[in-house]
Amino acid sequence: MAFLDNPTIILAHIRQSHVTSDDTGMCEMVLIDHDVDLEKIHPPSMPGDSGSEIQGSNGETQGYVYAQSVDITSSWDFGIRRRSNTAQRLERLRKERQNQIKCKNIQWKERNSKQSAQELKSLFEKKSLKEKPPISGKQSILSVRLEQCPLQLNNPFNEYSKFDGKGHVGTTATKKIDVYLPLHSSQDRLLPMTVVTMASARVQDLIGLICWQYTSEGREPKLNDNVSAYCLHIAEDDGEVDTDFPPLDSNEPIHKFGFSTLALVEKYSSPGLTSKESLFVRINAAHGFSLIQVDNTKVTMKEILLKAVKRRKGSQKVSGPQYRLEKQSEPNVAVDLDSTLESQSAWEFCLVRENSSRADGVFEEDSQIDIATVQDMLSSHHYKSFKVSMIHRLRFTTDVQLGISGDKVEIDPVTNQKASTKFWIKQKPISIDSDLLCACDLAEEKSPSHAIFKLTYLSNHDYKHLYFESDAATVNEIVLKVNYILESRASTARADYFAQKQRKLNRRTSFSFQKEKKSGQQ
């Protein structure tokens, strides 16, 4: 029998009733202000008592134990709630339904129609198990590859096959290049050989890869086993080797160059090879001349004419007026284009437009060009820098570095740490394309240590002039180098500049003639 006014019984009943179902722990907070068990152990002391604290034999405060139900026992799985029988049955029914979906029930039916013995025999036909004789005369792909293997093993350029990028397209950086082979016969040299190389390969590795692919395809003639005997030159789309530029540096990576068309040329100056003299044909035109390089004297005059016209028109399409070739010593006599250079017995020709003739004084016969002059003309396209002073109209001269090559002329200011640029205008770098250059003339030569030259170029449909000064030797070298470049290119801007200059001269001459005529009449 329990009394409801007994707080001890009420507290124990609440704790034992909620300990298995209350996850919040609020049952432990019931009657925390009036803990009956703690008050039993430590009764309140009367005021004035000095020994109010009750200590145990060991000097520690005595603990207390809450009342616990006898029915509740602590174990390892005390906090785990077991599944009910209903949940287990539902899980078993779900698995049975899934297994029934996977199974297919077929209802057995008796056969009504009777089939003949021949039809039953055709359902399960007996197969012949006789061994078939092997087919002879047909070669497998493996046998063919094994027969071709010795040819690849004998390739002296096998070490460069690792740079072949045909199997790495899309996964690794590769570069596709069309390579012309001038050492081929006249028919095969017109068609390029496509090579796919790894972008990380050097120029020397690309040369070895070209030689490896050339040998693997069985091309003729055979190549030299030494890769150093060959070099790569820049080539036009039709296979013509551009001799104005030096060959690519063999130690540079191939991804540094953006050319998609190259030519494999043999180094005649390599050890073990005989030297071969370069042959040049001079083609005179209205505003200069061109030097056309040929391999031998067996070349036809038609090929020389095509090269001369292409050199004259540059990147434009070879169309418009037609031209013919004439010997320099035989005016108005056209050269047979089907004949060879050897049969002409001449190395200097004139490029004349059809239905026209050479005017007197247009083509002046120059003296025979020596080999030193030819070398200077060819080396003029190589890059070279000069330190000169740029002359300005309203301010002091500026020290600049003048870089000249076959493509462009660059003017870069030389920075001087001592000179203060706070109160002066800083010179900006200038880049002039060679096709926009018009003239380079010697303006003044006072002494061997001081000379001035003028550089004229086209900028925004207007001709601008730049003046530079340096010692006489440097100025003469610059003027000669720029004029060699201008004579070999024959640009449109240069032709228009000379035409405008001639019109001004004619206008000035006619004006002075009319003035003299009026003064004579008076």
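Placed from the backbone N, Cα and C atoms, the Cβ positions cover glycine too.
Averaged across the domain 'CRIM' (139-267), pLDDT in this predicted model comes to 84. Here Swiss-Prot flags 139-267 as domain 'CRIM', drawing on experimental evidence.
The domain 'SIN1-type PH' feature in Swiss-Prot is assigned to 382-487; the stated evidence is experimental evidence. The DSSP breakdown of the domain 'SIN1-type PH' (382-487), given as helix, strand and coil counts, is 19 helix, 55 strand, 32 coil.
According to Swiss-Prot, the feature N-acetylalanine maps to Ala2.
Taken residue by residue with DSSP, Thr86 (phosphothreonine) is part of a helix. Sequence annotations record features per position, and here Swiss-Prot assigns phosphothreonine to Thr86 (among others) based on similarity to another entry.
According to DSSP, Ser128 (phosphoserine) is assigned to coil rather than to any helix or strand. Residues annotated as phosphoserine in Swiss-Prot: Ser128 (among others).
Residues or ranges marked as phosphoserine by Swiss-Prot: Ser186 (among others).
According to Swiss-Prot, the phosphoserine annotation covers Ser315 (among others), on the basis of similarity to another entry.
In three-state terms derived from DSSP, Ser356 (phosphoserine) belongs to neither a helical nor a strand segment and is classed as coil. Cβ contacts within 10 Å of Ser356 (phosphoserine), excluding its own Cβ and spanning all protein chains shown: 11. According to Swiss-Prot, the feature phosphoserine maps to Ser356 (among others).
Residues annotated as phosphothreonine in Swiss-Prot: Thr398 (among others).
Under the heading phosphoserine, Swiss-Prot lists Ser510 (among others), citing a large-scale study or a structure entry as support.
If you look up Swiss-Prot, you'll see 2-267 marked as region 'Interaction with NBN'.
If you look up Swiss-Prot, you'll see 2-184 marked as region 'Interaction with MAP3K2', on the strength of experimental evidence.
Per Swiss-Prot, the feature region 'SIN1-type RBD' maps to 279-353.
Secondary structure by DSSP for the domain 'CRIM' (139-267): 45 helix, 31 strand, 53 coil. Listed modified residues: Thr86, Ser128, Thr398; maximum Cβ neighbour count within 10 Å falls on Thr398. Annotated pair Ser128 (phosphoserine) and Thr86 (phosphothreonine), C-alpha to C-alpha distance, rounded: 62 Å. Thr398 (phosphothreonine) sits 50 Å from Ser356 (phosphoserine), taking the C-alpha atoms as the reference points.
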